[in-house]
Each structure stands twice: as structure tokens, then as C-alpha cells.
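Per Swiss-Prot, the features are:
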MOD_RES   Met1  N-acetylmethionine
BINDING   Tyr52, Ile53, Asn54, Val55, Lys56, Val99, Gln100, Leu101, Pro272, Gly273, Gly274, Val275, Gly276  substrate binding site
ACT_SITE  Lys56  active site
BINDING   Gly172, Arg173, Ser174, Ser197  NADP(+) binding site
REGION    310-935  region 'Formyltetrahydrofolate synthetase domain'
MOD_RES   Ser318  phosphoserine
BINDING   Thr380, Pro381, Leu382, Gly383, Glu384, Gly385, Lys386, Ser387  ATP binding site
MOD_RES   Ser413  phosphoserine
MOD_RES   Ser490  phosphoserine
Amino acid sequence: MAPAGILNGKVVSAQIRNRLKTQVTQMQEQVPGFTPGLAILQVGDRDDSNLYINVKLKAAQEIGIKATHIKLPRTSTESEVLKYVISLNEDATVHGFIVQLPLDSENSINTEAVINAIAPEKDVDGLTSINAGKLARGDLKDCFIPCTPKGCLELIKETGVQIAGRHAVVVGRSKIVGAPMHDLLLWNNATVTTCHSKTADLDKEVNKGDILVVATGQPEMVKGEWIKPGAVVIDCGINYVPDDTKPNGRKVVGDVAYDEAKEKASFITPVPGGVGPMTVAMLMQSTVESAQRFLKKFKPGKWTIQYNKLNLKTPVPSDIAISRSCKPKLIGNLAREIGLLTEEVELYGETKAKVLLSALDRLKHQPDGKYVVVTGITPTPLGEGKSTTTIGLVQALGAHLHQNVFACVRQPSQGPTFGIKGGAAGGGYSQVIPMEEFNLHLTGDIHAITAANNLVAAAIDARIFHELTQTDKALFNRLVPSVNGVRKFSDIQIRRLRRLGIEKTDPAALTDDEINRFARLDIDPETITWQRVLDTNDRFLRKITIGQAPTEKGHTRTAQFDISVASEIMAVLALTSSLEDMRARLGKMVVASSKKGEPISCEDLGVSGALTVLMKDAIKPNLMQTLEGTPVFVHAGPFANIAHGNSSIIADRIALKLVGPEGFVVTEAGFGADIGMEKFFNIKCRYSGLQPHVVVLVATVRALKMHGGGPTVTAGLPLPKAYTEEDLDLVEKGFSNLRKQIENARMFGVPVVVAMNAFKTDTDTELDLIGRLSREHGAFDAVKCTHWAEGGQGALALAQAVQRASQAPSSFQLLYDLKLSVEDKIRIIAQKIYGADDIELLPEAQNKAEIYTKQGFGNLPICMAKTHLSLSHNPEQKGVPTGFVLPIRDIRASVGAGFLYPLVGTMSTMPGLPTRPCFYDIDLDPETEQVNGLF
């Protein structure tokens with residue numbers, strides 16, 4: 001018989017490594033910046049372990065795998081080792097890791113516990129019980145296989161010998177080689193016998209094997225005469241035996257008597273140079289496979305997501321009854337379904353979570369999805385259902401059309417929840433759940449804003465007080481105190497010096513004039529624009545006097561409280577793009593002017609760093625879900641009058657990355673299109689750089705009848721008869737407002753889909769009329785929606801229209817150039833969006849325009865603060881008013897947020913409580929802790 005063919009593991013492993021190197025390059029081309037990651041955790045300092053690890057690190061480097069070696073001391077305890085295992089499990093840059101065995105520690109460590117703490121999806125050694133169990137069950141495509149058996153199988157396949165139907169004998173039953181080798185051969189359809197130290201007549205059992213794999217750790221235990229002629233022999237052993245002919249006095253042999261066996265076998269592995277190189281190659285292959293699985297799971301593509309099926313009832317139950325009839329998915333599960341990593345999600349219980357900004361950094365190279373903004377016609381006081389339409393649309397796109405889709409909505413103020421409004425999270429079968437969480441504290445963002453805002457207010461009045469009661473020198477000594485004999489400026493004080501043109505860093509080097517300029521802000525109390533805030537409707541805080549305690553030495557002034565969401569910090573949160581950007585915006589917030597007319601900022605007050613600390617968690621978007629299980633970001637809730645009325649840029653950006661290029665992100669703009677949509681485009685999109693693909697314009701028969709001359713609609717009172725009976729004439733006359741809002745949207749170059757939010761009293765004839773007129777006047781489409789009563793199914797036609805519109809050509813453009821004067825920018829909005837003949841800047845507004853321009857704020861975008869109940873400044877004028885001049889009473893600046901807001905009329909920033917507030921109905925069941933009466 002001819003000598004056996006040599007199975008050279010070095011040659012085969014080199015081929016595998018070259019293939020892996022190509023695969024790594026391909027992954028990096030698909031996802032720039034991505035690198036497969038391998039970590040090796042070692043305890044102790046065994047020489048043999050060090051040798052093996054160095055071989056693995058070198059192989060990883062050659063292939064392009066980022067390998068990390070974590071070496072713990074011999075004093076490590078089991079709990080310390082487990083902490084490292086857990087941290088590697090949570091590290092998204094590590095796609096596979098191994099614990100180098102044996103664990104060389106002075107302390108007793110349960111090796112099995114350490115191995116089984118490894119996340120199975122990162123267990124590239126294939127040693128966890130879960131991977132071993134999957135291998136035993138034959139789930140070869142859903143597990144990692146121990147590297148040595150996997151390498152042995154590759155060598156067997158190299159022979160060309162068919163495994164299926166052959167009799168394979170495995171000598172050895174270790175968890176690392178023998179046992180998994182048995183399973184691997186079995187599921188490759190061999191008939192397998194496993195032999196071990198208790199096997200009788202071992203030589204006879206070995207002689208039956210067409211394929212023989214030996215892993216006993218006994219030098220040359222298997223003799224040549226035992227081997228069946230023509231067998232394939234795989235020798236996994238590495239043993240050292242004495243050899244006087246070798247320089248070190250020993251040689252390496254396998255578990256098989258090689259010289260004898262090669263005369264009987266058809267193929268045989270040498271030792272060394274056989275199985276050893278394959279083990280390392282298979283570790284690299286498993287790491288690359290793990291990285292590929294990671295990419296497949298987390299790169300944009302169709303989500304594998306479970307939707308909730310609605311149990312629709314007629315008549316439609318109350319919002320809270322519907323909300324409680326649907327059990328939300330665990331928010332951690334939803335996060336995984338949409339491609340978020342564990343370390344990118346901070347859970348707040350089972351139904352809400354914060355998403356870290358690191359997700360945006362990870363996905364920065366991924367293309368964005370389609371961007372849809374939901375707005376409406378000029379509403380009745382009852383609202384026309386923008387929020388409900390937003391949620392219904394995403395439920396339709398997700399649960400019914402199986403598109404990746406995200407809703408991005410504002411967080412409601414808690415004040416109105418207990419006042420006149422009650423809860424708000426959509427309605428009917430189109431809601432965000434749980435509604436109790438949505439409407440109350442959520443994750444504390446508004447509380448953080450309240451704390452930050454009031455810290456600024458306290459800093460302003462304290463600074464005025466201290467400047468009035470101290471000399472320059474005393475003030476300077478307290479601002480820059482000597483600590484242990486050393487006096488130095490803080491970082492924020494250094495920045496103030498630079499703004500003043502003072503380049504010195506030694507406090508002792510300042511002149512008297514420089515001390516005066518540095519220490520005194522010289523705030524003019526009459527110019528203070530910063531107010532304290534509270535997230536409670538309290539009319540008696542609309543005007544207050546502060547400083548009446550004797551300790552304030554008579555330094556009183558008139559001030560007020562606003563509701564928390566009216567704070568500029570809320571607008572900053574909504575418009576910021578990163579933690580660094582938020583820090584800069586908070587510092588830029590102007591709170592007053594000095595007596596010389598210079599703007600005083602939070603950076604001047606020295607408080608901007610502290611504000612950032614208070615807001616560090618609030619910047620992370622809040623993840624919730626709809627009734628049908630689609631994801632929702634609830635983040636930021638600025639007023640839609642004195643601010644821009646849109647949810648956060650950060651939430652939109654993360655969502656656009658997560659849905660991928662074929663997915664949709666649907667966000668809502670407050671009030672009608674003339675206010676919320678205009679600000680969405682000219683402020684939010686200007687700062688974000690994002691370009692919307694579709695405008696969804698919500699309209700109701702009810703609102704059109706009002707604009708057509710119908711009776712007054714009053715919140716809390718029954719609708720007049722005209723609104724519950726068919727009246728085509730009123731609808732057609734009122735269409736003028738919808739026509740104008742379609743025109744407004746198209747002015748920005750974006751396709752418009754009209755969503756006719758249907759009520760049970762609306763007739764098909766009325767809805768058909770609205771649809772026809774909308775299409776005739778430039779709408780891409782107009783569709784009837786019944787999502788309040790039917791959930792996503794009721795918005796299916798709308799979703800399909802949005803899909804089509806997103807493919808239509810668009811040419812997005814902003815309305816005005818920032819370089820124009822403040823007056824000209826206001827005029828463009830008034831004339832083009834509202835239909836005014838002109839504007840009139842009243843004296844105070846004229847003065848402010850000049851001051852802000854002089855202070856360098858004239859190039860900010862404009863955020864008009866006017867009534868949402870009319871296109872004009874008069875809420876009683878419905879339809880499309882003409883022939884009016886828009887009066888601008890005042891202009892104020894939100895410099896940190898980044899806009900000027902002209903006041904048209906009087907804007908209330910602190911709601912009051914009605915005679916019968918909603919809190920009469922709100923209570924808690926002490927046994928179930930269920931909130932009652934919120935909706």
C-alpha cells in the first residue's frame with residue numbers, strides 16, 4: 001500500500017486566512033470604519049498560554065481583525081473575571097472573544113461559570129453550554145463550533161473522501177475536541193463511535209474507522225496496526241517526549257504513532273503542522289462569521305419585528321381602555337428588533353428607554369430613510385388629529401406594509417394633563433403606549449429642563465445682588481478665591497477673559513480696569529428676559545415680585561413664571577445636534593443686557609457647564625411604541641408659538657439611520673402648516689440639514705366647514721348642527737384654507753398628501769369633494785383616513801400614498817436667506833405664508849430689531865409667535881383673510897436655540913386651571929397602582 005497523503009494544515013490554513021482577509025476587506029468596503037473585533041481574556045501568565053495567544057494575535061493582525069489581549073493577574077477572583085466577561089459581552093466593537101484556558105489564578109475560579117457567562121453570539125470558541133447544545137441538536141448554522149473539531153472537519157473535506165455513510169471513530173471525549181467532534185461528524189451524516197479510557201478492545205474499535213480522529217493527550221497511543229487500511233487519520237495530539245538527538249532534549253509527537261500509521265492510512269495529519277494551524281484559522285473564521293452576523297443584524301435592512309394585532313371594537317372605547325387592552329412589548333426587545341445594541345439603550349422599566357447618541361455615531365455612514373412631516377390646516381380649537389394621524393400612519397407603514405418606520409413626536413407638558421387638556425398621545429386605535437408614562441414624568445426630561453432653567457434664573461438675581469453689595473475687589477476675590485494659597489481662573493472664567501480681549505491667565509496680573517470688566521456683568525434688570533419655570537398650570541405666577549425677604553436688602557423686582565416647555569432650554573434641546581453643540585447653545589443663551597447694551601449670556605454667568613451636566617441625560621431620545629408595536633421617539637416639546645413646535649433633531653437623525661434608505665421617519669409639526677410646518681422647514685431643517693420627502697397635510701370636514709362660515713366651535717361645548725350634517729357649500733367655501741396650506745407646503749418644493757381625517761358624521765360626498773379639490777389644487781393625492789377607529793388599517797391608503805409621493809421628484813428649498821434684514825425675513829413669511837399685504841413693526845419691535853442686529857443676532861432665522869387659529873393675527877378671521885397688515889408688537893431672541901421670535905399679539909406662556917380641572921378625575925388604585933381618570 002502506498003504511503004498516506006499528508007494533510008498539511010499550514011497550507012490549508014493559509015488558504016483560509018487569505019479568504020478571510022478578502023472577506024474583511026469586503027466588509028470594510030460595505031461599512032466604512034468597520035473592523036471585526038476579537039478579544040482574548042487571559043488570567044495569569046502561563047508560558048504556554050502566552051505562546052498560543054501570540055500566535056492568535058499575529059493571525060488576527062494579518063487578516064485585518066482588531067485583536068485585544070486582556071491580561072488579568074493571578075490574584076484575580078471569579079467575580080473580577082466575570083466583570084470583564086460581561087463588559088466584553090456589551091462591547092459592540094468585540095464580535096468574538098475567548099477565555100484562554102486554563103485559568104491561572106491563586107483563587108478558586110469555576111471555569112464552567114466563566115465560560116457560560118460569555119454571550120453565545122460571541123462565543124467563537126464554541127464552548128458555552130448553549131453552543132454545545134445547539135451543536136448536539138444539529139443546529140450547525142446557528143452556533144459556533146469549537147475550533148479544533150471545526151478545523152479537523154475542514155481537513156477531512158480536503159481529502160475528497162465522502163463523510164456521509166462512513167464509519168467514523170473518535171478517540172477522546174473532551175468538551176473541547178472529542179465530544180463536539182462526535183456531534184460534528186454525526187450531523188455530517190457519518191456513523192460515529194466515540195471511544196474513551198473505559199472503552200474495551202480499543203484497538204478493535206479503532207480498526208473499524210474509515211475516518212479516525214484521535215484526541216487523547218497520550219503520546220503515540222494509537223498504533224499503526226490498529227488502523228483500518230485506507231482510513232483518514234486526524235491526529236489532534238501535541239505531546240513532548242524525550243529525544244537526545246534534539247537540542248532541547250525532546251521532540252513533539254501526536255497521539256498516533258505517525259511512522260507506523262502513515263503506512264496504513266490513505267491520509268494523515270503530521271504533528272506539528274497538521275491540526276494546530278487549523279485551530280487558529282478556525283478561530284479567525286468564527287470571528288469573521290460573528291462580525292458578518294453582526295453586520296447583517298444591525299446594518300439597515302428589513303427589521304425582523306413582531307407587531308401587535310389590534311382587537312378593534314365598535315363603538316370605539318375610551319383611549320385609556322384601548323391603551324390598557326394592548327400589552328406593550330418589552331422595550332428592550334423592541335430596541336433589538338430595530339437594530340439598537342444593548343449598550344446603546346438605557347432601560348427605564350419595561351416600557352420606556354433612552355437611546356444613547358453613540359448609536360448615531362455607529363450609524364453615521366448609513367444612508368438615511370425617507371423623511372415625512374405631518375402638519376395640518378388652520379385648526380378648530382378642538383384640533384384636527386395630527387398626532388393621531390402621525391401614529392396611524394406609522395402603524396400602517398409598519399404593521400401593514402411591513403416597512404421600517406419610526407414616529408418622532410414631542411413630549412407633552414405635564415401642566416395641561418392636569419388642567420383642561422387631559423392626556424395626549426394620539427387617540428383611539430392610534431396611540432403611543434403606555435399613555436400614563438407618555439403623559440407624566442416619562443424619563444424626567446422636563447424636570448431636568450425645569451432645574452436647569454431655574455438655576456439660570458437664580459444665577460441672574462444672585463449676581464445682581466452680589467454686584468450691588470460688594471466692591472470690585474471683594475467681588476473679584478470671591479469669584480476667584482485663593483485655595484491653599486493658590487488663586488486661579490476656572491476654564492469658564494478663562495473663556496470670559498478671552499471674550500473681553502484679556503489674554504492673561506494669572507489673576508494677580510489683572511489691572512483694576514480689567515478686574516472691573518471681568519467681575520461686573522452690570523446687568524440691567526429692566527432687560528432681563530429669563531423667567532423661572534414650572535411644569536404646572538398656575539395662573540397666579542404670571543406676574544410676581546421677587547426679593548421681598550429682608551435678607552435681599554430691598555432688591556426686589558417684578559418677574560413671572562412660565563410653563564417649563566416654554567423655556568429656551570427646551571428649544572435648545574430640540575435643535576441641538578450633539579452634546580458638544582448643546583453645551584455651546586446653552587452657553588450662548590442671552591438672558592439680559594448690560595447697562596451698556598451688551599448681551600449677557602449663560603457663559604458670562606458661568607453657568608453653562610452646570611446646565612450641560614443637568615441636561616446630559618435629557619439629550620438622549622426616549623424610546624416608546626405604538627399600539628401596534630412600531631417604535632416611537634418621544635423627545636423635546638417646545639412651544640409652537642414662541643418656539644418652533646417640533647420634536648428633536650437628534651431623534652429624527654437616529655431614526656433616519658435606523659430605518660435605512662427604504663424606511664420612513666414620520667414627525668409632526670405643531671399647529672397648522674402656516675406655523676409649525678413653516679418653522680419645521682425654515683428653522684429645524686435649516687439647522688439639521690435634513691430634507692423632507694413628503695408633507696402630510698391633515699384636514700377635517702369639521703375644520704373646512706368652520707373656515708367656510710360655519711358657527712363658532714368652542715372646546716367643551718357640543719358641535720353646532722352644521723358640523724354633523726352634510727353641507728357641501730360650507731365645505732367648498734372652507735376649502736380655501738386647505739388650498740392655501742397646500743400652496744404653502746408646495747412653496748418649499750415638497751409633495752403634499754392630504755389626509756382627510758374622517759369622523760362618523762362626515763359623508764362620503766363631502767370627503768370626495770375635498771379629495772377632488774385637493775388634487776386639482778396641487779396635492780399629490782388626498783385620501784380618507786379612519787385610523788382613530790381602525791388603527792393602522794384605517795391609514796393604509798394614506799401610507800400607500802406617502803410611499804408613492806416619496807418617490808416623486810422634489811426640489812426642497814428654504815423660504816428666505818438668513819442674510820436678509822430681520823424686517824425683510826418677517827415680511828417674507830407674512831406675505832408668502834399668511835397672505836398679508838405687509839407688516840408693521842411697532843416701536844418696541846423696531847427698537848429690538850435694531851438692538852439684535854447691533855448685537856450680531858440679525859442673521860438668525862425667524863420664529864413667528866402668532867395665533868394658530870387664523871392665517872392672520874386675528875383668531876376670528878377664518879378661511880384665507882386678505883387685505884391685512886400684520887402688526888409686530890415686539891421681537892425677542894432665543895440666541896442659544898438660534899432664532900428671533902416676533903410677537904404678533906399677546907402670547908400666554910403660563911396656562912391657568914379651569915373651573916373644573918382634569919385632576920378631579922385622576923386617582924391611583926392603591927392595590928394595582930393603576931392610574932385612573934387620566935384620559
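For all residues, glycine too, the Cβ spot is worked out from N, Cα and C.
Considering only the residues assigned to NADP(+) binding, Gly172, Arg173, Ser174, Ser197, the longest pairwise Cα distance works out to 11 Å.
Put simply, Arg173 (NADP(+) binding site) is 67 Å from Gly385 (ATP binding site) when counted between their Cα atoms. Considering only the binding-site residues Gly172, Ser174, Ser197, Pro272, Gly274, the residue whose Cα is spatially closest to the Cα of Lys386 (ATP binding site) is Ser174. In this structure the C-alpha atoms belonging to Gly276 (substrate binding site) and Gly383 (ATP binding site) are separated by 72 Å. The Cα atom of Tyr52 (substrate binding site) lies nearest to that of Ser174, taking the binding-site residues Arg173, Ser174, Ser387 as the candidates. The maximal spread of the substrate binding site, taken as the longest Cα to Cα distance among Tyr52, Ile53, Asn54, Val55, Lys56, Val99, Gln100, Leu101, Pro272, Gly273, Gly274, Val275, Gly276, is 24 Å. Rounded to a whole value, the Cα-Cα separation of Lys56 (substrate binding site) and Ser174 (NADP(+) binding site) is 22 Å. When the binding-site residues Arg173, Thr380, Pro381 are ranked by how far their Cα is from the Cα of Asn54 (substrate binding site), Arg173 comes first. The two recorded residues, Gly274 (substrate binding site) and Gly172 (NADP(+) binding site), show a Cα separation of 18 Å. Fewest Cβ neighbours within 10 Å among the binding-site residues Pro272, Gly274, Gly276, Gly383, Gly385: this applies to Pro272. Under DSSP, Asn54 (substrate binding site) is assigned to a helix (H, G or I) in the three-state scheme. Rounded to a whole value, the Cα-Cα separation of Glu384 (ATP binding site) and Ser318 (phosphoserine) is 18 Å. Counting other CB atoms no more than 10 Å from each candidate's CB, the binding-site residues Gly172, Pro381 peak at Gly172.
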